[in-house]
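Record features, source Swiss-Prot:
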- 1-68: region 'Disordered' (REGION)
- 74-223: domain 'PID' (DOMAIN)
- 223-283: region 'Disordered' (REGION)
- 224: phosphoserine (MOD_RES)
- 228: phosphoserine (MOD_RES)
- 263: phosphoserine (MOD_RES)
- 279: phosphothreonine (MOD_RES)
- 371-420: region 'Disordered' (REGION)
- 411: phosphoserine (MOD_RES)
- 448-468: region 'Disordered' (REGION)
- 539-614: region 'Disordered' (REGION)
- 563-578: compositional bias 'Pro residues' (COMPBIAS)
């Protein structure tokens, strides 16, 4: 059977596997018919579920939809959702082929487009990022030279503009999301027309005329584009009409009741005038234009233009380098000076003046003690240690006379030098009198020291006096007496006896090893007026040539060393007769300080230790 079927030839049909059809039946079997009917119904159902695309109508055949765009452009509310492809430099300023090539170039770059919104107005074109709301492009309409849709891509639109900084031709390309490129190009054309109308209206209102010559190579312009009245033409027209009505109002309304009737006239007419003349101008003035987006707060802080701390700009800051690099003109220095002048009124009063002088005297004693501890002898402390009252009395008028009479100096050194110069001038006048008194006091001291014996505090000082055994004798009692009076306040006794020049007014003839800067300045001022013999002072630099005073030292502490045993028992009967010469000497010193006490506590008696020749 199979062989006969194979021999019968022909491919096997599907109906061969089916049971034989009844006699007289023709056509395909029933099952085949049902399958074909099911497939047809499914295709019909699938087609019914699909959304059919509307029939395409070209943009040129529906210009009625663009009329709303023109009004929106004039009002500044026209916008289109687009994808910003980017910008590329082009060689020509116009041409559809130039824009098409730019679109192809940007699409070939594969750069990701930015979903944004294109705002079209009479002012210009703005592209705002739809997600971050950043201003991507802000193009003035005057700089746009050409715009056109793409003939190859229905959604593409491009415009060519002049770059403001590099002066190159740049083409910006877009892909519209909902509209066509032709509609975007039409909106930009409306912006061109609105801008041109505004410019012509401005020229007409301002009265600007341009006269060209025959060759068209030059022109002369008359008038100005600047608005003399209000900032806007409509406001200026309304202001002119208000002025005219105000001028005509007094003539129309002579009585008091008339102004109330006339006054509503400008109020009622001006809004109408503004409404009539302002509706078309509103687009020109961009009253409803989109405000430009400002930088975020973080960017303002980063750029340094943040105004959250106004105190930094109000106060004078020393970090404002744009003011001046001179120290006297720095804001910090000026502020310090003004603060001193405000606070300086308190020391100028009489009661605080003494406290100020006491503070200065304490500072001076501290500085002098630091100099002495460092090994630089200070010649002047004994005159200061003769009594706190004697030192404070002359210093009070000096401080009170200095502060109100002068503006505050920038440094203490200038104040110091000024005081030293005053002292030097005073010393030149008082020098002759001091020399006479010094000679008399020298004779008195020599007589008293011959009669007097050593004082109990002296043995403690003896080890420091060994290098100066010969010259220290004449000044032992004086140093001891000072040490007895004021050792705790000024701490002078430990080092006063160690230097021969710390005694009394005969010091200009006695050499001293060290010198303070103030005395160097004082000596430089008064070196020309010094009448003392210079060789003695110049020899005193070495500190090993004090023998000129040795003959005047018959007794004192210089003799315990050579005589040995006989001298130690003598200090016991000495205290009783010691009081009378000491009191006499102290009285002589108290009568003297009014003449020789200067205002500068550092200078002391200002004896000349050596001369500086320049």
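For all residues, glycine too, the Cβ spot is worked out from N, Cα and C.
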Local Cβ density at residue 411 (phosphoserine) - other Cβ atoms counted within 10 Å: 9
Structural state of residue 411 (phosphoserine), classified by DSSP into three states: coil
Residue distribution over DSSP helix, strand and coil in the domain 'PID' (74-223): 45 helix, 61 strand, 44 coil
Average pLDDT across the domain 'PID' (74-223), rounded to a whole number: 88
